[in-house]
Structures are given as structure tokens and as C-alpha cells.
Amino acid sequence: MSPGWTSRPASATTPRVMKQQPISQGDVIRYDLVALAIIVVSIAVRLVVVATGQIGLVQDEAQYWDWTRTPQWSYYSKGPLIAWIITAFTSIFGDTELGVRAGALFGSGVLQSVIYIWLSRLWKRPGLALATLFVANTAPMFLASGVLMTTDNPLLICWTASMFCLDAATRAEVSPGRRKLALAALVPLVAVGVLAKYMMLVFPVLAVVYVLWLRRAEDAPQGVLPHLVAAVAAGAALGFLPILIWNMQNDFVGFKHVGVLAGVAGKTAESLIRFDRFPDYFGSQVGLMTPWWFVFMLLGGLAATRQMFRGDQGALGLSRRQSGLLALFFWPVWGFFILWSFHTKIQPNWSAVSYPAGFLLAAIAFVRYWQADGRLRKVWAGLAVLVFMLVASAPVLPIPDHLNPTHRLKGWDDLGERVESLRLSAFDDPGRVFIFSEHYDMTAALAFYVPGQPRTYNVWISRRMNQYDLWPGPENKVGWDAIYVRKEFKDGPQAEVQRMFREISPPIHYQTTFRGVPARRFTIFLCRGYNGEWPRQYGQY
């Protein structure tokens, strides 16, 4: 056992905690070694996928990388942490796919370590900790978050570590010094989490609700609430301050963007209830976990909620405070987005912060099912391993394009080479040619994959605002030529683009390939004689 989290003997005033079977030091070491093996193997598999170039950067990854070339206190859709992380790792591995994604690989190891230390040391249940690592590593959501460098990776680390600290800070059996340390750790954890993604602002609310519930159940250390409020408030303020300052300097466009996406502003707020969004969103939640882990997660969530309110030992083998922690950090966020999907379109990953608790609930329910000799227990475990293998090898499997989720991530490097070849061969002065597209993801991908990684531009034609609209356009390049790239095969450029140039070539339809296999299709236009016009349509967020 870690000496820092060793529990003191229970006294008459200490709330009753369900007893666990004693574990020898030798057993602890064996559990630790198994956990280390799981973490190392899972990272190694992800590293192979990334290092061998099996899948190109997704649109957000390329955009976040492009952000690193213009350091700011915040950005249009996210806080600055993602750009800082990518900057740190590209300084080591270069501006490569590995450099961009190294933070995700590292983060997956950190997150698994936090989960294991929390459950094996504070809960004293290393077996459950291993089961949770197994569930997480066989859930598509966790597999993807450990490969793709998105904001969910650091967010989940901060959220899970904050749950760990909250749990430790509110246990009477944990020494006062360690409780203070856990509360102090909440300040930087919440701050960094907010810098990663605004969703971290929900944590202080749930943390306060949890402590209020503990007080009502007479299971909270005396005086913990005001210290907790101070810690999470300080963390939220520190993390939110640079984001607020940046938004004040940029007409609050980031907040307006979030409002529109959330359905509380813009046209999406005009209709209160609609039923066409829910099926897709609910299906995405099943897909993030796999159907069997999804069912175990919901069963675990229901059992934890029942124990939380009834106060009995419950079916999960948890103490009441453990059930309350998991129920409160799962149902409110997860349930809110389920209900809100009847109002507006919800992205599958918006509920990501509910899944640290969700993974634990699924693991606990599955462990109880396994201990009860459930008839299909080996089937579910086998399917989970199969999913891990399929997801890890999906980029190289002969899956039809329309069924392969990685297909859209292939062919970017081939496109970049083709664009560069045209720049060098089709223009009189290749040094006076800029590159642009109508979509932010295309713009970011071209910036990353065209040799030399040039500055690219995102023309505003019938779309929402994005970060590129806050940066200078090519207006100072009057007289230059340009290469315009569109997705799929198109017949011609839009009228807005035609007005920008003296002459535009017929469409060049280009079928990219990935290791000899057809990938995505694009249309390229060679534009000559830029006149300085650059469409901007502020107000669409």
C-alpha cells in the first residue's frame, strides 16, 4: 500500500466503510506489474499505429497543430492547452504525425496510471483497477483518445485526477495532511482542465453537490466544504481568466460559438424539441463504449444510484460514498446530453467527462457478473479483446471504404505532394502562389501535408466562423496566383472565388491513394491574378 493513502483504524465516529479482503504486499506488487504491462502494451499498440503512418491527422488535430504557429491565450473553439501540448511534443519529434500525437500517447498512459493508483491505493481494490483498465482499453472511445490528439485527452486526465483528489479529500480515514494536499491539487487540476476544454467548468458544480450529499449523509470531514469551494473556484478562475481575456479582445466569438453549438443561441435555439437528432446521438454513445460495456455501464449506474439513495450495501460491493461519487459524476452529464439531443445536434464526445465514472461502473458491474458465474461472461470478455484488435488494426484491414471510419484520414500526404507539384510546375513564379480551401479542415490539412508546411487560408463561403477568420487573409498578396482545393469531384469554383481572380483553370480531379489503394477524392483549381478580394461574413458562429 502507498503510505500516503494508508487508512487510519476506524473509530466510533468514523463512517462505516465496507471491508475488503486483505491483500498482501506480494499481491500488490503482482497487481502493479500486471497494470504496468497493460499500460505499456496499450501504448505500444497505439505507437505502432501512429509511427507507421496508418492514419492521417483528423481535421481537428491538423487545426490544433496550425494553432501552434500563432500562439494565443485562447482560440475560437477551445482553450490554449491543446496547442501548448502539441508545441511541447513537436519540439521533440518535429512537425510530424508522431509529434502531433505523442501527447495523446503520453496522456493515455497518464490517465491509466491515475485510474489504477486511485482504485488500487485509495479504494484498495487493485483487481477492480485492472478490470477498469481492461474495460477502458477495449472501448472505442478510449482507444481513439489515446491515438488522436484532441482536447478530450487532457480533459479526461484532469477530470479523473480531480475525482481522485475529491474522493481523497472527503474521506475521514485519510490523514488531514493528505486531505489538504488533495484539496490543493484540485486548484491546478481544475485550472488545466478548463484550459483544455470548457466542460471542465462542470466539475466544481458536481464536486460541491457531492460534498453536500456527503454532509447530509453525515459522511464528510468537518469543514471540508468551504475549503473545497475555495479550491475549485480558484482553479476555475485561473483556468478561465486567459480564455475570458482573449474573448474580450475578440468580440466574445468563442462564447458565441459555444452558445450556437449548445442550441441556446442562433437558429438552433428557435426550435425547442425535435426528434431527429436523438437516434444518432444515442447510437453514438453505444458505439463509444460497445453495446456490452454500454449495458454494463447503465446497469452499474442504476445500481449505484439505488445504493446512493437507499444507503444499503448495494449490489456492486461498494460503499455508499463510492456509489454516490460514481452516480453523481456519471448521470447528470450523461443524462443532460441525452435529453438535450432532443433539442439540438450533440457531438458524440460532448459527454466524455461522464465516462471516467462510466468505465468504473461498467467494470464494477462486469466484475460482479463474472463473480456470479454469468453464462456469457467469457463471450463479453472475448468480444472486448476482439474490438481492441479490430480497432487497432482497422487502418490496414480490407474494409470497404464506406464502412471504414479511417478512410477519410487517408490520402492527405498524397494530396499535399500533388499540390506542391502543381505549385512548382504550373506557375511562372512558384514563390508567389498561396493555397486556400473553403473548409477549415481542408485548410489545416493542406497546411500540414503540403511540403514545406506553408501558411494556408480558409475562404468564407456559406459556412460558420472559425479560427482562420480571426487571422489575416491573403489580401496583401494582390497579383499572386493560388491553388484552390475542394473536397470530392466538383465541376467548378463558387462565384465568390471566381470574382477573386483574373483566370481560373478547369477542374483538376485528383484521386488520392494510400499505399497504392484509392483514398479520398479532391478537385484542384489553378487560379491566376488575385485581385485582393477576400469574402468575410462575420456573425455566423
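Cβ atoms are placed via backbone N, Cα and C, with glycine included.
Source: prediction; values computed, not measured.
Of the candidate ranges 75-94, 155-174, TrEMBL annotates residues 75-94 with the feature transmembrane segment. Among the stretches 33-55, 128-148, 349-367, the one making the largest number of Cβ pairs under 8 Å with the transmembrane segment (182-213) is 349-367. Counting Cβ pairs closer than 8 Å and at least 6 residues apart in sequence, the transmembrane segment (75-94) and the transmembrane segment (325-343) reach fewer than three and form no contact. Counted over residue pairs 6 or more apart, the CB atoms of the transmembrane segment (349-367) and the transmembrane segment (128-148) come under 8 Å in at least three pairs, which marks the two as touching. Only sequence-distant pairs (6 or more apart) were considered; of these, fewer than three Cβ pairs between the transmembrane segment (281-304) and the transmembrane segment (225-246) are under 8 A, so the stretches are not in contact.
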